[in-house]
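Annotated features, as they stand in TrEMBL:
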- 6-117: domain 'Tetrahydrofolate dehydrogenase/cyclohydrolase catalytic' (DOMAIN)
- 136-276: domain 'Tetrahydrofolate dehydrogenase/cyclohydrolase NAD(P)-binding' (DOMAIN)
- Gly162, Arg163, Ser164, Ile228: NADP(+) binding site (BINDING)
Amino acid sequence: MSARILDGKALAARRRAALATRVAALQFRPGLCVVRVGDDPASGVYVRNKDRAAREAGFSSETLQLPENTTEAELLAVVKRLNGDASVDGILVQLPLPGHIRTEAVLDAIDPAKDVDGFHPVNQGALMLNRPGLVPCTPRGVMLLLEEAGVSPKGARAVVVGRSTIVGRPVSTLLLNADATVTTAHSRTRDLAAECRRAEILVAAVGRAGIIRGDWIAPGATVIDVGINRGADGKLVGDVAYAEALPHAGAITPVPGGVGPMTIACLLENTLEAALARRAG
Ligand SMILES: Nc1nc(=O)c2c([nH]1)NC[C@@H]1CN(c3ccc(C(=O)N[C@@H](CCC(=O)O)C(=O)O)cc3)C=[N+]21
């Protein structure tokens, strides 16, 4: 038996096509602005793919490329200008930022109504309280892939490996809000293999190639691999040892072509949502 492959690339393409139809019917173009400081390689692929996807869906998309030596004060001034720019519906500041800039200070400065990453404390707090708000893109993509797989979180044992504020924690919260029984495992978890083996839904968001081994996966489990790591041969690989996992999992997302494209589709959905909410007043 071999796992069903959850095609995130195809699902993302369908969602972007649906978005394009909705955007074409609007009286305005939703505007996304991405701010990139320096050229961290982790951001490169994302910025290029996002820009193309945004334009194809009828959004206006702009990337402000600032030099590596931009000061925190200068970046805050850019964010404030975008907060006040009525043509900008969504603001995304690419992470990671250079070490001399405090990430929290920058994220806190983004207008929560334009925070299409969903990283602002107001939006993260809303998520924790299960109230309406902008939800982080990758975690939303994870939930949509589960839905696509026909897997209901309700009552299910879910294990999320990773506790980052941008993926692990919000994924755990979304699963909890969807009535899963959630374990958040991390680098200090005593027996990671044992925790993973209990999972009916396993979400890997660690950022280390292949650390989740095939025999950590319960028979028939649904595996969502959030990791996008560069392997020794330069190819993209996930956090899950994919070939090993195939005979164990019931369904699994590939890397590339799984969660990554969904992140971009959800970013555009968040941008439309922010645009409609702001323009409704
Ligand atoms: N403020 C902020 N928000 C982010 O969401 C954010 C960020 N900063 N910094 C960088 C990371 C990285 N990230 C990716 C999203 C999609 C793909 C993606 O589309 N990957 C495709 C294609 C990869 C390829 O072909 O090279 C795939 O996995 O199939 C990759 C990486 C978002 N990030």
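Cβ from N, Cα, C; glycine included.
Any TrEMBL annotation is an automated prediction that lacks curation.
Sequence-distant contacts of Gly162 (NADP(+) binding site), defined as residues of its own chain at least six apart whose C-beta falls under 8 angstroms from its C-beta, comprise Gly168, Thr184, Ala185, His186, Val203, Ala204, Ala205, Val206, Gly207, Val226. Contact annotation for binding-site residues (Gly162, Arg163, Ser164, Ile228) versus ligand 1: Ile228, each with CB under 6 Å from a ligand atom. Around the Cβ of Ile228 (NADP(+) binding site), a 10 Å sphere holds 21 further Cβ atoms from the protein chains shown. Under 8 Å, Cβ to Cβ, and six or more positions away along its own chain, Ser164 (NADP(+) binding site) finds Ala205. Counted over all residue pairs in Gly162, Arg163, Ser164, Ile228, the record's binders of NADP(+), the longest Cα to Cα distance measures 16 angstrom. Along the domain 'Tetrahydrofolate dehydrogenase/cyclohydrolase catalytic' (6-117), the predicted structure has mean pLDDT 96.
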